[in-house]
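K.L.:
Take this structure, written in structure tokens, and hold onto it; I'll ask about it next.
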Amino acid sequence: MTLHCVVALFALISSCLATAGPEPGVQCALSPVNASHPVQALMESFTVLSGCASRGTMGRPQEVHVLNLRAADQGPGQRQSEVTLHLNPISSVHIHHKPVVFLLNSPQPLVWHLKTERLAVGVSRLFLVSEGSVVHFSSGNFSLSAETEERNFPHGNEHLLNWARKEYGAVTSFTELKIARNIYIKVGEDQVFPPTCSIGKNFLSLNYLAEYLQPKPAEGCVVSGRPQEKEVHIIELIAPNSNPYSAFQVDIIIDIRPSRKDPELVKNLILILKCKKSVNWVIKSFDVKGNLKVLAPNSIGFGRESERSMIMTKSVRDDIPSTQEKLLRWALDNGYSPVTSYTVAPVANRFHLRLENNEEMRDEEVHTIPPELQILLDPGALPVLDHPPSGEGAARHGGLPFPFPYIPRRGRQDGGKDRLPRPKDPVVPSIQLLPGPREPQEAQGSRDVALSVRCDSEKMLVAVEKDSFQASGYPGLELTLLDPTCKAKTNGTHFILESPLDGCGTRHRRSAPDGVVYYNSIVIQAPPSGDSSGWPDGYEDLESGDNGFPGDVDEGDVALSSRPELVVFNCSLRPARHPSRAQDPPTRNVTFSMDLYTTDLFLAPAQGVFSVAENGHVYVEVSVTKADQELGFAIQTCFISPYSNPDRMSDYTIIENICPKDESVKFYDPKRVHFPIPQAETDKKRFSFVFKPVFNTSLLFLQCELTLCTKREKEPQKLPKCVLPDEACTSLDASMIWAMMQNKKTFTKPLAVIHHEVQFKGPSTKESNPISPPIFHGLDTLTVMGIAFAAFVIGALLTGALWYIYSHTGDSAGRQPVPTSPPASENSSAAHSLGSTQSTPCSSSSAA
């Protein structure tokens, strides 16, 4: 009986592994997408029809904002009945305190949903709406001081504007727009606004906008409609807009929601995104739980905390191809199969992914367990045995009629601290069938690896000593977090890994009484020949024979390059109960700045986009203005990246942890500037480097992180001690790096790369031409005109002088007596003299 059960179990496991493997081929017949397709392509735009803004209400008790809505271009039966009005202050106002009157005119009754940010409570606000319309307030405190009244507004822009002026004296803003689901209005007054509001067509202002979503044509197919443990969706975008010459990076939003309002939807998702243009994929998920992994060759970002209902990880893969056939083959070859859907859109900047609830997944386990194996974890699913085993065997086997072997996991501590969450009465306490959420531990799973973990309200920082790897025989390693794009930085002594609390695969759970435990894992991997799959557990691509049953090769014999090792770490945070004055950030009286220059004189900083040629010099000046003379700063990190997001690291590093990494870095010694204000001064640091053509793109970004340091021996605010770059290359430890991360400021400067040959001023070689090229000096226009005018005046004066000489010498020669009988030689001489004297002015000028 026992033998039959063991054979049945092995057959069951083998069938599960076989059915989970990649399909031998993928068939996908493209057709225009319809409403049933899971992915929809849209174009999001922000515009208004007409409008104006003014500062006419600055001396009056309230602001007046007028919204005149027009009917949208919709078919019969599709009239929109709800509008969300987003209100927040203009950029020059932090918290808005002034009373406001809103005139909300619409061609049909509407429900206005109000969403506000940075508007003070307790301030009078009046909403005048068309007949039949209502206003719903999202905040109860806001509604206490707000009133709503129905009015019969006049028709037409000018009539409505004149009505508002007659009623309130002046108007702050007037906006005409078609009915939209989302309208964004920024309240506040600015001196730069004109004195009166004069309505103009194509009114363009970031303060008054409406959002419109227009469906765009796309093609796609549903490859696999069967319920799967994970869904794989491939989206290919040809261009983010209709302008083929646009070089700016565009945000492409992926909006993930359930297709219908289910009680709860849990999914494992993989998104493979492809666009040849420079785009930034922004992933947002709502009302869906589970794991989401995003793969793209472009920049990947996630929405705000309220827009991330799933556990999100990302992987930037440069080897993702284009076209339908190659993308499907790439997904199959990399283990992302079966593919659920494929979608290609010529033009779009937004995609909606709607998920069906075709599979129930438990909250506690993101990785679902096949129903056939549920009996191994749930003893209640087994039939009651007539003669159950008793004694030690029953305790060891959990009531099963056969022994189940222990499955070791590489780098796990004994005692089962790193296990799946179990039912109250687990069958086999040591069983390890599938990866799951790990219990937080200070450090798990690596032998003799010394690390330290720090965390604050924004990020976690892990420092791992390099010597501990070398002592354990691990040379030449690559360290990442669960998200493989979050790679370790290095200095002379440590690997440094940084993770935001909501990124890089970091998870969290509540701990008593009011704390939060954040945990992640360090993935230790030898330099691979290709990119890994990047799943958080590192066990996605299990080959046949890796199931851990007897007969397999011992995991201790497997080379490190074939199986990554995980080191789990965690950090606990609790809210500060008694904040003291010493905990105030030292940056409250500090101002940072960074400028780029074209020469080492550092005279006039470059404005706008900085143009740099290949192998040309870039001169950088960073400065800090502070009141504390013992406060210093350092250039912690500088790198060049094709992405504007400073969190996206790049291999082109100029400075790392104060230490220069590029051999062309040269530092300069600027003078300290003292201000007339007592105890105020500005410290500057200057350096230059030679720009190398590493990236094949014309728009790059110089990212620099500045950090505060102290010149004192003891610092109450726990700032790191200021060190020189040469010293930082050898003596920087984990505690100093952690302290620097707490008070850093990031600057981003765009660089426009000029792709042409530029003569590099360097030392000449023997092969170079010893004859220097001729140098042509040019003059400006005014100088040339001055020289020409002076030459004209000189020529005129010279001509007049010659005429004067001619007129006087000609008269005297004509009055001379002629001898009556001169010799023949004298006659010819006299005739020749007379002929010469009676020449033209030009010939006289030539003779002279």
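Placed from the backbone N, Cα and C atoms, the Cβ positions cover glycine too.
Note that the structure is a prediction, hence the values are computed from the model and not measured.
The compositional bias 'Basic and acidic residues' annotation in Swiss-Prot covers 411-425. Residues annotated as disulfide bond in Swiss-Prot: Cys52-Cys197, Cys638-Cys704, Cys659-Cys729, Cys709-Cys722. According to Swiss-Prot, the domain 'ZP' annotation covers 454-729. Here Swiss-Prot flags Asn34, Asn141, Asn491, Asn570, Asn589, Asn696 as N-linked glycosylation site. Look at Swiss-Prot and you will find Ser529, Ser533, Ser544 tagged as O-linked glycosylation site. Feature annotation from Swiss-Prot assigns phosphothreonine to Thr837; the stated evidence is similarity to another entry. Under the heading region 'Disordered', Swiss-Prot lists 390-448, 813-848. The topological domain 'Cytoplasmic' annotation in Swiss-Prot covers 807-848 and rests on sequence analysis. The transmembrane segment feature in Swiss-Prot is assigned to 785-806; the stated evidence is sequence analysis.
Help me picture these features in the structure, burial and contacts included.
P.N.:
With a 10 A radius on its CB, Cys197 (disulfide bond) counts 24 other CB atoms from all the protein chains.
Reduced to three states, the DSSP call for Cys704 (disulfide bond) is strand. Within 10 Å of the C-beta of Cys704 (disulfide bond) we count 21 further C-beta atoms, all protein chains included.
DSSP gives Cys659 (disulfide bond) a strand state.
DSSP gives Cys709 (disulfide bond) a strand state.
Averaged over the domain 'ZP' (454-729), the predicted model reaches a pLDDT of 74.
Residue environment of Asn34 (N-linked glycosylation site) contains 8 other Cβ atoms, counted within 10 Å of its Cβ in all protein chains. According to its DSSP assignment, Asn34 (N-linked glycosylation site) is coil.
According to DSSP, Asn570 (N-linked glycosylation site) is assigned to a strand segment.
Asn696 (N-linked glycosylation site) falls outside any helix or strand according to DSSP and counts as coil.
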K.L.:
What is the nearest of the recorded positions Asn570, Cys659, Cys709, Cys722 to Asn696 (N-linked glycosylation site), using the Cα of each?
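P.N.:
The answer is Cys659.
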K.L.:
Within a 10 Å radius around the Cβ, which one of these glycosylation sites has the most neighbouring Cβ atoms: Asn570, Asn696?
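P.N.:
Buried the deepest by this measure is Asn570.
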K.L.:
Going by DSSP, is Cys638 (disulfide bond) part of a helix, a strand, or coil?
P.N.:
strand
K.L.:
Name, in the order they occur in the sequence, the residues of the same chain whose CB lies under 8 A from the CB of Cys722 (disulfide bond) and which sit 6 or more residues away.
P.N.:
Gly632, Phe633, Ala634, Cys709, Thr710, Lys711
K.L.:
What does DSSP call Cys722 (disulfide bond) in the simple three-state scheme?
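P.N.:
Cys722 (disulfide bond) sits in coil per DSSP, no helix or strand.
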K.L.:
Expressed to the nearest Å, what is the distance separating Cys52 (disulfide bond) and Asn570 (N-linked glycosylation site) at their Cα atoms?
P.N.:
54
K.L.:
State the Cα to Cα distance, in Å, between Cys729 (disulfide bond) and Cys638 (disulfide bond), rounded to an integer.
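P.N.:
Cα-Cα distance, Cys729 (disulfide bond) to Cys638 (disulfide bond): 15 Å.
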K.L.:
Name the residue among the disulfide-bonded residues Cys52, Cys638, Cys659, Cys709, Cys729 whose Cβ has the smallest number of other Cβ atoms within 10 Å.
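P.N.:
Each of the disulfide-bonded residues Cys52, Cys638, Cys659, Cys709, Cys729 was scored; lowest Cβ tally within 10 Å is Cys729.
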K.L.:
Compare the C-alpha of Cys659 (disulfide bond) with the C-alpha of each of the recorded positions Asn34, Cys638, Cys704, and give the closest one.
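P.N.:
For Cys659 (disulfide bond), the closest Cα among Asn34, Cys638, Cys704 is found at Cys638.
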K.L.:
What is the separation, in Å, between the Cα atoms of Asn570 (N-linked glycosylation site) and Asn34 (N-linked glycosylation site)?
P.N.:
46
